[in-house]
């Protein structure tokens, strides 16, 4: 009989099974091969295999790839284990107590730098900023300019008091600002490492904001500038109230403060131009303010060249800050204006041999090589040597730049103990002012220049310089600077720091009105304050960071308030101290900033020298 194969085709069924077992096996084998030769769906396969014959798949289909089930399990397991381990480690790190890695303690120069900058906060005149950080100082002299009917400058509020009095002398104040700006331009990275970059820039801006008030800074041409605010002449027994006769806190000043104008003051105007020009480089990121400073500097320098004269002739500045000439300020101011503007006419002027001759560059003298508020020649020579070392402009500047470079080398030689240009005290302090009083202001300037020049040489891959036939390494210059600053900070026969607040032994009776009178809400009149001036007690207010005038030529020092030759600090002195400290501070590997000072200088292509005269037989 025939039946129907459920998978298609006839199926013959025999009523009697006459086949042998072998025949049946072969027939089943044929049926199996026929069945397997077709594509079976999952249901049909399950019918064939039955529930006991199903097997686990050896592979896992992940969609894009097919992987072995064993590898898949290992992979997933490893990922989970790694995640658990990472989470465990993270938990341990977060819960474990943290040990902070403290930075090494700052060196003595950095510590002293923090304090030396504070002196300028104590010297501020006008309406003080909220965070001035000198608790015993307050607003003062808010009528400067307004109280003098004879001057056209009615707003002269601000700036800095010069020393222990309340006079604002623009000549040394401008020099102090130039020195501070120079130090920031060269060592901004060190200021930043010490956390003082913003502070020192605020100090400079407080001064330059005031200088911009002392002349018509928006004009291209001027005919006068304010040279001084306040009066200190007590000659002839005068008892008129002024800033020297009266011993009162600046906050209590109620007497008139006259303004001194000048119409022919080349030295003062050129120094103010240097201050504004150098500051314009400091604030180059503030384009509007930088341009304002540069414009003011150009106006002042034009005035200094057009209306010749010494600012101190015929007035009381001749007694306190007499200028011996203006030729050095011409070179100094022109050099800074060239760096600030890139105008080659200033460089041509700064490298004019005639100016150098008038400034005393070729004849020497007892004070040759001494940088001070009066004589900037040495500073100008170092500043222009920088150009030769890094830019090498060639003709037509090379001759005088080479001369300045050679003279700078000679000056650096004169600082070394093996030469006899300057005497030294038994304690090792160089006598740059030949034993005269108030020596430290000159020493700190020399320490700054020596460190700066050594850093210039190292930045130019020059290991040292020659003094005659002998070669000296840059370490010798730096060592000179360190010994002088170390002396000032306490390594001297008296074991006394001449910077107030540094160390445990420093002057306690500083010649300073504000520091010597307590802030006790009592207003003393001119003579009433004399009891504080003449008292032998220590100052009630510590004027942190003030560098006093210094010891005598025998290393002696009298901590007496009445003796200003020992105990009076000044703006110019502290500016040199700040510059020297920042140059020596921090990491020795952090040298000068080679490029910032040249920001405005265009690429230099040396002009070929003129051809020789035609040959004649």
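All positions are counted from 1 along the displayed chain.
Each Cβ is built from the backbone N, Cα and C atoms, and glycine gets one as well.
Given the structure is predicted, the values throughout are model-derived calculations rather than measurements.
TrEMBL lists transmembrane segment at one of the ranges 71-93, 94-116, 117-139, 140-162, namely 71-93. Each residue contributes its Cα atom, and for residue 559 (active site) and residue 511 (active site) those atoms are 9 Å apart. Across all of the domain 'Glycoside hydrolase family 9' (109-581), the predicted model scores a mean pLDDT of 96. In this structure, the active-site residues under consideration are 559, 568, and the one with the smallest number of other Cβ atoms within 10 Å of its Cβ is 559.
In sequence order, 163, 164, 548, 561, 562, 563, 564, 567, 568, 569 are the residues near residue 511 (active site), counting only same-chain partners six or more apart with C-beta under 8 A.
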